[in-house]
C-alpha cells in the first residue's frame, strides 16, 4: 500500500507549494532528510508522524522560521527563499501554532493588532476582526481580556488573526490537541469552508481518524524522512499507523484477574485557592479510588489538572488533612516525601525540569524521588550502589534505551526518559500512583510499554489516577473516567458508557442531565 | 563558511576541566596587549606577575596566606551559587566575622585568659558571619527581596561598623590615635605553622573546609538537595526539597565560612583589628568560585592562582611601576573569560562550509 495509492488529482497547473529534497541538519542530526511534498490549492494536506518525525521542522522551514540546510522550496512554480516569517506572510503563508503566543492581560483586539503590520487604525482593525470572526463562524468578543477565555477561544484568536491576513496557504500545528470533540467538529467546518474558498491547508496531526475524515492527501513522515504520500480516505487507521510507526504496534492487554479491593486514594471535598492569578481554583473535588482500579481524568488542558496534581502530590498542601486520604491515612497536610512513605508515587506531565533534573545523571534522578525510602540514603550519605541498581532495574524491566549505563536525563529521547520515570516509580511498588499525561509526546512503542506497565500495576492491587488529554488512551486503560472543567471534577462514568460525545459535553462545561441537580447542590 | 555554536548532546566533562585554562590563556593574551599599551614589555611583566613569586620561599608562603581567606570564602559562596542563591556580600560577612571574633580578643586583652580564647573567637566569628548572611537570606525568603542587592549593600554597613569600632570604643589607647585595636594577646593569635614563617594554622583549616564540603556535595543527600534546587527548582519541589530552607542553609554556611576567614586574617597575618584588613577578598572570592567551577578542589587551585595575582601585582608595582589596580583589571577580565568559556561545556564551535545546494538567501 505504500505507493500504490495516488494522491488526489491536482486542481491547478502548478502546486501552490513544492519542496524539493528539503533537508535540515542540526549538527550531525538530520531532522528532515530530502523531503519532497506538493501542496495544491483547494486541498487539506495532512502531515502525519510521531513526535520527532520531523513535522515541526518541515513547517518551520515553510514558514521561514528556520532555513533549510539543503533543498529548495517553490511557491506557485517559482523558487522561494525565506529569511523570516514576515516574508512567508507577505507571500500568503499563515501559520497557527500549537502553543499560542497571546498576552493574557491584553484584550482580543489588542492581541490581534500586535500580530498585524499596524497600517490600519485600531477601530478599522476591530471592525474587520468582528467581520472575519462572524463570516467564518468563529465568534469572538474583541473587548474581552485573553486570560478570561477558554483554550478553544484562544485558538480562535490565533486562527482569526491569521485569516485577517487573507492567506492562500494555512498551516495548522496539532490544532485539535486542546479541543473537546465538539469544538474539533466546529473547527473542521471552518477548515472545509476555507478549502472551498480555494485555499490550501497543511494540517499537522497524529490523530488518524481525524485525518481520514478531514484530509484529501496525507504525507507521512518517520525519523525525518518521507515514508509515503497517500489518500488517507483510501487507507485504514491501522495501515496509516503502520506507516507512521514502521511496524506493528503491540496490543495493550488488561490482565484478566483484576479485582478491586479497599479504597486506597480518597479525596473528600478538596478545594484549593489558586496560588497565582492565572491558575485555577479547585472546587469541591471528591472521589474514591480502590486498589486494582484505574480512574481517568479527562478535560481540556488548563482546567485544574495541574493544580489537582500539585494538591495530590503534596507540592501544595491542603488546609484540612482529611481532604486527602492515602491508604487510610489523612494526608492533606503531609509533604510529598511523607506521602511517598505512605506508598504513593507520582509522575508529573513535564519530564524535563519537573520529573527529572535534565543535566543530572539517571542515578541522581532515581535519588530525586527515591530518597525517602529504598535504602538509597544512610545517615545522610547517598549509597550510589543502590541508586545505580535502580537505574539498571528500570533499564531492564522497561527497555530504556540509552548510550551508556548512567547518562544525563536530557540525553534520552522523550519515550525512553518517560519509560525511566514511570519505571522508577513502579519499581518502588506503590499502592497509589498519580500520573499525568503518561504518554504525552512519546513514540508508539514506548507508549504501549507504559500503558501495559500501568495496567499490570493495577492488576497487582495498586490504585491509579491517570490524567490525560488523549481520550483514546483513557478508553484503553481506565475503568472509570471523570472530567475536569473549571476546577470541578464530574462524577466518574464507567469507561464503557463514556462515549466521546458524553465526555465532550462534560469537557465543554455542560452537565449531563441527572448530574445537574447534584452540581447545583454542591455549588 | 561560518562559525556556529552548536548544542552538545551531553555536557562535556573534558571542557569543564579545561575551560578555566582556556580562560586563563585568553586573559594572559589580553593582559599582554594591555601591558604593551602601558609601554611595558609584556614578557617581563608577565614574568614578574606569575613567575617571580614562585621562586622564593617568602612569596610562596605569602601566596598560601592570601589563598586561605579566598578559598574559605569561595567554598561557602559555591554552595550558595549551586543552590541558585546569589550571595555577593561575602566581603561584609568577612568583616562582621572579624569584628565578632575581635570583640573577645579586645575584652580579654591583658587578662590571663587561657588557650580557649582563639577557638571561642573563631566560633563567635562564624556565628557573626552566619547571622549577617542570614539578613539578606531571610529578606529573600520572607519578602522576596533580591539577595544580590541586599547582600551587596550590607558590605558597606559592615565596613562602616568596623571603622566606627576601631576609631571609637576599641581604639588602642597607646596607638598614637591610629584607628586600630591593640595587638592581640598570644592566646588570641592564630599560631604560625613554622617558627618565624608566614604560614599559619588558617591554611590547615582551609584544607579541612575544602575536604568537608567536597564530601558534603559529592556524598550526602544535603549536598544533592543543594545541587537540585539550583539546577531545577520545580524538580526540587517534586523531590520534596524545601528551597527556602536550602537558601537559608547555604547563606548561613557561606556567612560562617566568610566570618571564620575574617577572624583568621585578623588574628593571623594582621594581628589586630583595623580598617583595610581585606583587599577585597570577599569579591575576589566570587571569581575564585567560578574559576574553580564551583567545585571544592577546583576552588583550592583557583584560590592559589588568584593569590598569586595579588603577590605578583605587588611585585610588579615595585619592580616595574605598574599600578596595583591592574591586578583588579586582571581579575575582572579573568571572570569575564571564565563565564564566556563556560558556554563551551554545553555548546561547541563548528565550522560550517556552505554547500553548493544551499540557497544564497539563507545566511
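Cβ coordinates are placed from backbone N, Cα and C, and glycine is handled just like the others.
Taken from TrEMBL, the feature transmembrane segment applies to B:21-43 (among others).
Sequence annotations record features per position, and here TrEMBL assigns transmembrane segment to B:63-82 (among others).
Look at TrEMBL and you will find B:94-110 (among others) tagged as transmembrane segment.
If you look up TrEMBL, you'll see B:116-135 (among others) marked as transmembrane segment.
The annotation transmembrane segment is assigned in TrEMBL to B:147-166 (among others). Remote same-chain partners of the transmembrane segment (B:147-166), defined as residues 6 or more beyond its termini with a Cβ less than 8 Å from a stretch Cβ, comprise 85-89, 91-93, 95-96, 98-99, 132-133, 135-137, 139-140, 179-181, 247, 251, 273-275, 277, 282.
Beyond its flanks by at least six residues, the transmembrane segment (B:199-217) meets 61, 64-65, 67-69, 71-72, 75, 78-79, 82, 190-193, 223, 226-227, 257, 260-261, 264-265, 268-269, 296-297, 299-300 of its own chain at Cβ-Cβ distances under 8 Å. What TrEMBL records for B:199-217 (among others) is transmembrane segment.
TrEMBL lists B:246-268 (among others) with the feature transmembrane segment.
Sequence annotations record features per position, and here TrEMBL assigns transmembrane segment to B:280-308 (among others).
TrEMBL lists B:329-349 (among others) with the feature transmembrane segment.
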Intrachain residues whose Cβ lies under 8 Å of the transmembrane segment (B:116-135), provided they are six or more past its termini: 87, 89, 92-94, 96-105, 108, 150-151, 154, 158, 185, 187-190, 248, 251-260, 262-264, 267
Positions whose Cβ lies under 8 angstroms from the transmembrane segment (B:94-110), at least six residues beyond its ends: 69, 73, 117, 120-122, 124-129, 131-132, 155, 158-159, 161-162, 165, 170, 181-182, 184-185, 187-188, 255-256, 258-263, 265-267, 273, 277-278, 281-282
Surrounding residues of the transmembrane segment (B:246-268) on its own chain - C-beta under 8 Å, 6+ positions past either end: 65, 68-69, 72-73, 75-77, 79-80, 82-83, 85, 87, 90-91, 93-102, 105, 118, 121-122, 124-134, 136-138, 140-141, 147, 184, 188-190, 200-202, 205, 209, 222, 225-226, 229, 277-278, 281-282, 285
